[in-house]
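Please read the structure below before turning to the comments.
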Amino acid sequence: SQVSFEEESQKQPVVGHWKPLMPSKGNKEELETGCQDAGGVGETQSTEQLNVSRLRSSSVEIREKGSEFLKDELHKAQKELKLKDKECERLSKVREQLEQELEELTASLFEEAHKMVREANTKRAAAEKQLREAWGKIDMLQAEVTALKTLVITSTPSSPNRELHPQLLSPSKAGFRKGHGRNKSTSSAMVSAASQNVAPEPVSRECREVDSILFAEFQAWKESPTLDKSCSFLDRIYREDVGPCLDFTKQELSELVRVAVEQNTLTIEPVASQTLPVVKVAAEECGGPKKCALSGLPRTCKHRIMLGDSGKYYYISPSCRTRITAVCNFFTYIRYIQQGLVRQDVELMYWEIMRLRREMSLAKLGFYPSEM
């Protein structure tokens, strides 16, 4: 029985499979009989102690192996946990990156949408402005066509219209009438051409001489006409004529008038006309029928101006009105040249510009028709 117990303990060191420490009843009797035969109880006690010590050593070995197995399993679990923590951290970073990209994409989409809305509003405003300008040009052209029809109808062989047939005029007047015949302000003022400008006494052809410097500047400008005042031709006219002609006492309003004339957004109309609504503003700013808004002097104002579509009117004296219309006539003519509407010889264009410059010079000196 002892041998069999030792073999089983060596072959099967598994926890839970224990062999009985005490021998069975039959074995006990045999053991007692053998011990009695062998000669005593001492030998039996030594055998039992030996079995107990072996059993204790085997249990310690089992415990050590079990603890090692548990430690290995714990290490494996810790490694798997670390791997899962790293995976969770990586996934959280991916999620944060996706959320950031989504926010940036949303912000860019909103910004693009706002940009498109702004561009659409800008284009719509520009289209509306072009439409208003087109309607204004159409009205102006219709008025010109009506005036031309009237001139054509009133011209008959028996009584020809001398405005349509300049060859019927005297030599001095014919030479003066050559060139661009349109003498209206771009301000769309609903007044007749006769009341707008009264030219000074014409100068005969023999008394005129082309200035080589001015003519060369005009020819250079004529090659590529532009409204940019940086070129030498327009820069000289701005310095010598346009600037002084539009230099009034009220400097701030004078600058606004100059910009409106350059942009072709100035409107002049008689004071009696009430076709447009009048915005109530301070009397010092807009003047009045008895006070000029540009000079600030007490004058009888028969006309008023409006800058753009502001709806705000400024009353002006006859002298200021003459100075503004003289500058408007000059800009009208150079715009026609720029658009290719003037079909004349370069020298005739030059003399027409000199005539318009003379009108600005006279207007800035205070000369204006008495009927104004």
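Placement of Cβ uses the backbone N, Cα and C atoms for every residue, glycine included.
Here is what TrEMBL says about this protein:
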type     : residues : note
REGION   : 1-52     : region 'Disordered'
COMPBIAS : 43-52    : compositional bias 'Polar residues'
DOMAIN   : 48-133   : domain 'GDP/GTP exchange factor Sec2 N-terminal'
COILED   : 67-130   : coiled coil
REGION   : 157-197  : region 'Disordered'
COMPBIAS : 184-197  : compositional bias 'Polar residues'
Mean per-residue pLDDT computed across the coiled coil (67-130): 91
DSSP-assigned states of the compositional bias 'Polar residues' (43-52) in counts, ordered helix, strand, coil: 10 helix, 0 strand, 0 coil
